[in-house]
Amino acid sequence: MGNEKETPFVTAFLLMLKLFNYPLPGNIGDLFSLCQRLSHTMHLSSYSLDMIMDHNPRSYKSGNSDHRNTYDFIIVGGGTAGSLVATRLLDTKNKYKILILEAGSEPTWLTHSPFFNLFNWNNNDTTWGYYSSPQKGACIACRKKKVKYVQGKALGGTMNVGWNVYSRGNPLDYAAWVEATGDSSWSYEKSIKWFKKTENYRGKFDDFSSHGYSQTSTIKVTAQGIQPLVKEWLEGATHLKLNTTDPNDYQTQSLLKKEIWRKNLKITRFAQVNKIVFDSKHYAKGVIYRRNHQDIEVHANKEVILAAGVFNTPKLLMLSGIGPSQHLRDIGIKVKKNLEHVGQNLADQPTTFFGPVTVVHDKTFLPRRNLTYSTIIQYYVNQSGILGWDMLSGLGYYSTPSSQSPDHPNIAVTLMPMGVDPDTHKVVNTALSMKHGYMEKFLRDHKDNDAVWLAVTLARPASRGSVRLKNDDPHSHPVIDPNYFMEKEDVTNIAEGMTLVQSLTNTPQWSQVDAKLVDTQFPGCEKFKLKSLPYYECVAQHFTLSIGNIGGTCRMGKTAEDSVVNSKLLVHKVKRLRIVDASVVPTLPNGGTGTAVMMIAERAADMITDKWTHEVARHRDKSDSGSDE
Ligand SMILES: Cc1cc2nc3c(=O)[nH]c(=O)nc-3n(C[C@H](O)[C@H](O)[C@H](O)COP(=O)(O)OP(=O)(O)OC[C@H]3O[C@@H](n4cnc5c(N)ncnc54)[C@H](O)[C@@H]3O)c2cc1C
C-alpha cells in the first residue's frame, strides 16, 4: 500500500480521518443502546414495509411477488444452510419453484464489522434470545447460571453473528460420521468435493486437491496475517514444536443476494413456521406459518426442507407431533410419530477464556482508544482499519494428554486481541450475560492495558444435553440444556488446554511483546493456586460460554432407533421431509460447525437434485413407490 500513489480522493479521505480522530463521547454502554435503538428502528421499518406490501401485493415490484401457495420445495429458515440449498436448487436447469420462509428479516448493518457484530448479540430483533437452563457444574459466573445462546434470526442465519473462521475440522471427525451412519460417503476424503464447492480460496496454502478456487463460489477464504500478534502466535507454536499449517478465515456474504430477483424464488420474511402438515400416508405436504397475526398454509409438491437450526428444527418437529412420545404427551401434543432422538444428543463446545495477557502498547484493540469517529468512517467507507480486524485472529488445535488421541485434537484455541479498558467488563457482561460483580472484580486492577484473551474451547466434548419443548405454544422458547461438564473428563481436558496456552504465552516469541498473564485470581477461584490445574478447572466452571459450535439434536444415523434422519438427511418414519442444518451432525467436528453446515447443505442440494431428476424418470416408468428410505 505504501508504494501506491495517493489520488486526491485518497488524500482528502485520509485528511478527513485525521480530523475525526477522537473518541466517541459517552461510554460503551451508551453505544450499545444507541446501536440497539438504531437497528430496532430499522427492523420496525422493514416489518412495516412488508406488512404494507402484503395488503397491496401489486405494489411489490420485486421478483418475490408470487402469491401462489404451492411450490416444489419449501425451505424453513433462510439461514446458513437454507439459503445455500436454495441457491443451489436455483442453479439447476429444472426451474423449481422455491419458497423460503424466514422468521426474521435482513441482517443489521452492525453485522459488517466484526467488532460491531458483538452488539448484535443482544439484539432481540435479529437473534432468538435463547438461554440454557441453569447449569449444575458450569456457568457459575453467568446470570442465573444460564449460558447465552446467540442464534441468528435473519436471512443468513447464525452466520450473521459468527466469528468468520473457516475451519473444516479433522478427518477423524468425519470418520465418526461414517461410523454413525454406516455410509462411507460422509468421510472427509469424500466430503472434500462439497467443501470445495463453497470455497473461493485465496489463502497461503494452495492445494487444488483440497481447496476450491471458483470465483463464483459463495465463501471467499483468505489467509489471516494482517493483524498484530499473529506472527508471535505462529512462531510461539513452532517453538513448542506444534504444526502451523493452513490458517484460514472466511468472509460471509449474503448467499442469497444475487438470487433475490429470480422469478421462481419467493422469500417470505417475518414468517415463523409453527407446524409441518402431513397427509394420511405420512408425506410432508406443507407447513403452516404465522405472519402478521395470520396463520397461512402452503404446500410443497416435492419436499419440505428444514433448515431452522440446531434448536428450532427439533422444536418444529416436536410441535408437529414428531419426537419422544412421552415428552409430547406430557405437554399435550398429539403424537404423530414416536422418534426418541428428536432433541436429544445436543453437543455444544464449552469455552472459557485464558487471560487477559497484557502485551506492549498499541498491539491490540482498546475500545476507548480505537473506537473513534475516524475508525468508524474508515471501516464503513473503505472496509479497512482496526474495525476490520477479526476478533478471533489466530486459531490452533491441540490434543490434551488425557485425551490420548494425539492425531485427533480435542482443544481449539483462538487468539482475541482485545485490550482491557475501564469499559471492558461492561462489554463482557452484556455480550456474554455475566453476573454483575465478577468481571468488575477480576479486571479492577487492569485498566487501559493492551492485552489478548485466548478462547479455550473443548472441541470434542463427551457431555450431551437436550432440547425440549416448554409447552405447546410455538412462541415459547425451547428448554435447552447442554449439560456442560457433566462428564468429568470434559473439565480436565479444558483445564489441560489452558495449561498449553499458558506455555504458549511463555515462549520467547511472546516475551518479545512482553506478554504477562495478569496475576489476579478469577473471583470464586481464590482458594486454588494460580496457574494450577484445579485453578483452571475452577475458571472454566465459572466463566463458561458457548462459542456457537452446536449440533446433534436431529442426528444423522442408521435407523429410527439411533437417530432422526438417515444418511440422505431424510426424517425416519415419514416421507419427503429432509433436514439440512446443524442439527443433523452426529458428532461435532472440532472446527466450526458453520463450515461443516455449508458442506452438508451443498451435499443436500445435490441429493435433492439427484432424487428429483431420477424421480421424474421413474415417474415416466410409472414405478414410483413414493418411499424415501
Ligand atoms: C457467536 C457464533 C460464532 C460462530 N462462529 C463460527 C465460525 O467462525 N465458523 C464456523 O464455521 N461456525 C461458526 N459458528 C457456528 C455457525 O454459525 C452455525 O453452526 C451455523 O450458522 C448454523 O447454520 P444453520 O443453517 O444450522 O442455522 P442458522 O444459520 O441459525 O439458520 C437458521 C435460520 O432459520 C430461521 N428459523 C428458525 N426457526 C424458524 C421457524 N420456525 N420458521 C422460519 N424460520 C426459522 C432462523 O431465523 C435462521 O435464519 C458460530 C456460531 C455462533 C453462535
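Placement of Cβ uses the backbone N, Cα and C atoms for every residue, glycine included.
Those TrEMBL annotations? Automatic predictions, nothing curated.
These come from TrEMBL:
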type: BINDING; residues: T158, V273; note: FAD binding site
type: DOMAIN; residues: 71-243; note: domain 'Glucose-methanol-choline oxidoreductase N-terminal'
type: DOMAIN; residues: 255-350; note: domain 'Glucose-methanol-choline oxidoreductase N-terminal'
type: DOMAIN; residues: 461-601; note: domain 'Glucose-methanol-choline oxidoreductase C-terminal'
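Taking DSSP states H, G and I as helix and E and B as strand, the domain 'Glucose-methanol-choline oxidoreductase N-terminal' (255-350) has 20 helix, 42 strand, 34 coil. For the domain 'Glucose-methanol-choline oxidoreductase C-terminal' (461-601), DSSP puts the residue distribution at 44 helix, 24 strand, 73 coil. The average pLDDT the prediction assigns to the domain 'Glucose-methanol-choline oxidoreductase N-terminal' (71-243) is 85.
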